[in-house]
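Data first, discussion second: the structure below is written as structure tokens.
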Amino acid sequence: MDQPPIISRSRLEINFLRLLNVTQQMANGDKPKDWTFEKWMESRSLVILYGSETGTAQEVAARIGREARRYFFMPIVSAMNDFSLDNLLKQTLVVFVASTTGQGDDPSNMRSFFKMMWSQRKNKHILFNLHFAVLGLGDSSYQKFNYAAKRLNNLLTLLGGRSLIKLGLGDDQHDLGPDFVINTWLKELWNKLMDLYPLPEGCKPMDSSVIMPPKYKAVFLNNIESISNGTCVEMSKSVSDRPINIDNAHLAEVTMNTRVTADDHFQEVRLIEFDMTHSEERHKPGDVLMIQPQNLDEHVEEFLQVLELDPQQVFYLDVNDPNVSLPSLSLLPRPCTVRECVKNYLDIQAMPQRYFFELLSYFTKDETEREKFLEISSSEGQQALYDYCNRPKRSILEVLADFPHTRQNIPFEYIFDLVPSIRARPYSIASSSLALPKKAQILVAVVNYNTVLKRARLGLCTNWLARQRVGNSVPVWIKPGTLTFPDLSNEAIPPVVMIGPGTGCAPFRSYLQERVAAGLSKGVVMVFGCRSSTKDYFFKDEWEALVNKQELELYCAFSRDQEEKVYVQHIMKDNAPYFWKLIGEQKALVYFAGNAKRVPIDVHEALTYICEVGRGKGSQDAEEYMSKNLTKRYQTETWA
Amino acid sequence: MFGINSGQNVLLLWSNPVNTEELQTFVGDIKSAVGDDGRVSVENSEMLLSSSHQASCFDHVLAGVLPPFTYLCPVDTLGEALRVLKPSGRLTTRTVDATTTQSNLKMAGFTSVSEPKNANLTDEQKKDLTLPVNEVTCHKPSFEVGSSVQLSFAKAPAAQSSNGTWNIDLDDDLELENPDDLLTEEDLTRPDPSSLKVCGTTGQRKACKNCVCGLKEELESEDVQKAEENRKNFKSSCGSCYLGDAFRCASCPYLGMPAFKPGEKVKLVDSTLQDTT
């Protein structure tokens, strides 16, 4: 392969440095000195708006911003809600990244933006000046796949905007995850943009041999006394009314952590209780407890060794890329030690993506390793990426350990580009704050399975939680879930039918406890399923006691207690006339919580069958009844 | 034959009992009819439902066109044939029971179901037949659920002044009450699960760069017996095992283990193979 002539490569680098210089100056609020370059860049501003619930879409938006610079676009990245209509109408080029959350809903930082655009829907030319493109992030195991992005895309067209390229539909269900669609979609986008906004003569997009500067700059402190810039922030012990996220977290002490499945049962499920004295609000049934986990100690040690990092080194981060914000102080205090950063912030157990390997290719001096990185990150190397990472669920830590000539050459700052941050996990609260004040219990199924790798795959949060001893403190915060239960103050509550196999019963136990504590337990019907009445029937004693006192109607399916498999849907079908009485005649509210994939479909089918039996007018009629009548009263919460 | 043109994509459904020689000759004939640009897929009728072909990809389906013509395709198989046919695609079948076949085709959703025609059988094929055989053709409707349709509300921008802010357009030809009304038929569909797979995931058989164990040659010649032999007499001297899974070949006994540290003595935990490091 010919080496590019030395002259043009250095010209590219000069341009890149100019760009970086201008960007940095702007970030510092200085007026850039070079007016022509600046004016030209202004004409090439690319606004990237995101709607992100857990931060994924936000990261993708930041990535698009970084790539945009290679094509000499000036990126401005912002949440949709933070961008006014006036501002939008001034734009000629906007890229949207929208996740879908909950039950086909818009993420919270996009809702008011969408409402505002929706209110303009009679004005079919308001966006006539706008070229746009939409990238959606979703999961096709849900019926309402990428609905947020689809609605947005169509609305923008309705309002007169011109779409640059077809809507991209990132899918968690793809073997290679959403990255598969994102990579192709971005290629198309840059091609189209180079057509519409070509570069001047002699100027080409920045070569991929030029590495992008890292998101953050690290400032190392050699002397603890010389801390003048950052302040050590302690995790706050109280909650104020700020947005519901990690910044709102408080420490909750573990008051109980017991295994609730039989010791000889293959799955370890634990009931964990937290002291919620520091939470100002009382949680409601259906609410979710967000837990911010940390890495297991042995993984932290391994990472420090593999990268030969000094665990005691103190540092803090500054922003390099003005479109990226600093990590939350609750997660990464300023300053902190390297060990704290690895333990609390870096998700070293995450699976690496394509970009990870592309970045590594810059850091290695070993030709074999470099070739491998380029192979895996190429568009032809998707099979290799899948075989090496996705299928065996290999972690970043394991990959780094496999490349001895690279891992010790990684500049510290780039670690934050290679390794994502640890995300909080939601758990349905399984106890009622009325029945058990100042406490919250959750039901946790510990994730532990094997792939071809010799080391077992351990779920980060579940295993970390399993190890927490009574007395330890865990960062948590309460968030509303997707299930809404009827208000207890309402006199005439219809019967409530709750179908919760396995750990799906968690929110229902919370609601049941609340009803019992309020003395209103009549009319609650629970359908539970598990494998064996002796091995994983979590709340057996509690519920059977209630049944004896006639405070609960309970139906249980123990799938492996007899030769043929009995599941919740079988129990429901076997009692179809009774369930019809509740659902059809008494207009019961129906709930389902549990694992996604097969079970929600089976339950839906059982409900349809019940309607057919009850109405006696055939399956077509039953389906119509389901979609017209029951959907309004049927809520589901499913998780992968 | 059967109105098959060059460049078409044809699906041939057969069922037991069948004369394999006859089937092969027949497949050959269709292959010549479609030429190099076309494609012929052969499938057992009973396996069609579980094969999950892509939707709308075949121009023509031939069902039960070989003796003894007694198999009656059930409605769900015909429904699947309908799904994999392109809109306006054609299905041809030969049967001794034309009435039931016609009715099954209609129930499955086919249109233009023809009257039974005389099937032009060869004398060979007519041998051993006791009942008359008829040929029935039909089509898949030309519209499709989920196909792309120009958004009816996408209008060309009018030549207006640049501050088009508060102009209320009074000709409201589209009733939009709810944001979900924005969704088209195509938007309501989900991707085909087979499109979410990385191709060829079944084969995890890759040789490493400096293969000396014979896996490379064996993969090239696809010799199953040789593979078994090699696996039994495994002796690593290719030098790639210590590098880590990214560099190991498919027959490496160290697959699943991390890269070795220099000077490390590695034990193969559960294997009967020779440990050569």
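The backbone N, Cα and C atoms fix where each Cβ goes, and this holds for glycine too.
The FAD site recorded in TrEMBL includes A:Arg425, A:Pro426, A:Tyr427, A:Ser428, A:Gly459, A:Leu460, A:Cys461, A:Thr462, and the single candidate from A:Trp190, A:Trp580, A:Trp639 that the record places there is A:Trp639. The subset of binding-site residues A:Asp139, A:Phe145, A:Thr503, A:Val568 lying near chain B, with Cβ atoms under 8 Å apart, consists of A:Phe145. Among the binding-site residues A:Cys461, A:Val566, the residue whose Cβ has the fewest other Cβ atoms within 10 Å is A:Val566. Ranked by Cα separation from A:Val568 (NADP(+) binding site), the binding-site residues A:Ser99, A:Tyr142, A:Arg425 are led by A:Tyr142. Cβ neighbour count within 10 Å across all protein chains ranks A:Arg425 highest among the binding-site residues A:Arg425, A:Arg560. Nearest neighbour of A:Ser99 (FMN binding site) by Cα distance, taken over the binding-site residues A:Arg425, A:Arg560, A:Val566: A:Arg425. Remark: A:Asp602 (NADP(+) binding site) has A:Tyr567, A:Val568, A:Gln569 as non-local neighbours, by Cβ distance under 8 Å and separation of at least 6 in sequence. Residue density at A:Gly459 (FAD binding site): 18 other Cβ atoms are found within 10 A of its Cβ, drawing on all protein chains shown. Around the Cβ of A:Ser99 (FMN binding site), the number of neighbouring Cβ atoms within 10 Å comes to 28. Per Cα geometry, A:Gly102 is the residue among the binding-site residues A:Gly102, A:Asp139, A:Arg560, A:Val566 nearest to A:Tyr427 (FAD binding site). Between the listed binding-site residues, namely A:Tyr142, A:Tyr427, A:Trp639, the fewest other CB atoms within 10 angstroms of a CB are found at A:Trp639.
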